[in-house]
Amino acid sequence: MIVQRVVLNSRPGKNGNPVAENFRMEEVYLPDNINEGQVQVRTLYLSVDPYMRCRMNEDTGTDYITPWQLSQVVDGGGIGIIEESKHTNLTKGDFVTSFYWPWQTKVILDGNSLEKVDPQLVDGHLSYFLGAIGMPGLTSLIGIQEKGHITAGSNKTMVVSGAAGACGSVAGQIGHLLGCSRVVGICGTHEKCVLLTSELGFDAAINYKKDNVAEQLRESCPAGVDVYFDNVGGNISDTVISQMNENSHIILCGQISQYNKDVPYPPPLSPAIEAIQKERNITRERFLVLNYRDKFEPGILQLSQWFKEGKLKIKETVINGLENMGAAFQSMMTGGNIGKQIVCISEEISL
């Protein structure tokens, strides 16, 4: 059988901006037979995420993520349906997910590398397992629980940067659900600001491309900032940190403004901002969700429950077709998405 796949065509360079042409689609032969322990799956949805930017470099700069190789199939979060199985615990028709799903229309995988998912947890919206009821949702929930130090009724103010993205849009809502009295989002368009306040329950939203961020922050956070969910780093974060209270907390989720630069992760703060951090005893610890695997299952159940109760609103931007993986990645890296950026490869969920 002939199937399509996407491979890494070229590297943008550590300081370059990724473009759709860094990826290319090609055809490849899929064997007709599968071995014991293997399954053949049809890909339904694929995820593009900011962390993937470092996988485009020859060296990712981390010990837990490997680089993609030139002319080799690219991989990431994916979900699909089993068409044929020789694995004892997986049967035809099961829905499965993996963090290392090849960007390919159909693929033969080791059944042990896959996790079965229950469509009822997402009311049939399978792509949500790649977003709010998946790794981005867990990153937001566990990050806030472990590093935010929020308790019900503690009257805290939380600021979220990259607030209309996959993690940010969920993090702000979770802030309220766990007890923050005020949640303020920072994003890059008027449309995103309106969405945050009218649909996702944010108390205020700041457009960093148009507004004076420092001024707007002072206005929308009169009691200062107690918790900062940082998705972007750079100048925006410097502005937020300078308005943070004593003994406040930064949740380091990502630094997308720094991903196209050859700097360590997390990037060091400027001397002036670092002085503020130390003086006010602000915690800024690297957070890696993969270190909290024991909290994944209860976390997914909690996120699913909030979603079903209507307390967690889920937003996603969907592009169709494997041939658009590169365009979807480029768009996500430049803020073209609202909520989770998803690529739909096949919508047919029956066999």
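Note: Cβ is positioned from N, Cα and C throughout, glycine not excepted.
Quick look at what Swiss-Prot annotates:
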type	residues	note
BINDING	F99, Y100, L288, V289, L290	substrate binding site
BINDING	165-168, K192, Y208, N231, 253-259, 287-289, N337	NADP(+) binding site
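Under 8 Å, Cβ to Cβ, and six or more positions away along its own chain, Y100 (substrate binding site) finds D75, G76, S113. Taking the binding-site residues L288, V289, L290 in turn and counting surrounding C-beta atoms within 10 angstroms, the largest count is reached at V289. Of all residue pairs in F99, Y100, L288, V289, L290, the annotated binders of substrate, the farthest apart have Cα atoms separated by 17 Å.
Neighbours of F99 (substrate binding site), defined as other CB atoms within 10 A of its CB across all chains, total 15. Counting every protein chain shown, the Cβ of G168 (NADP(+) binding site) has 29 other Cβ atoms within 10 Å. Annotated pair L288 (substrate binding site) and G165 (NADP(+) binding site), C-alpha to C-alpha distance, rounded: 18 Å. Neighbour counts of Cβ atoms within 10 Å were taken for the binding-site residues G165, N231; the minimum is at N231. Cα separation, V289 (substrate binding site) to G168 (NADP(+) binding site), rounded: 15 Å.
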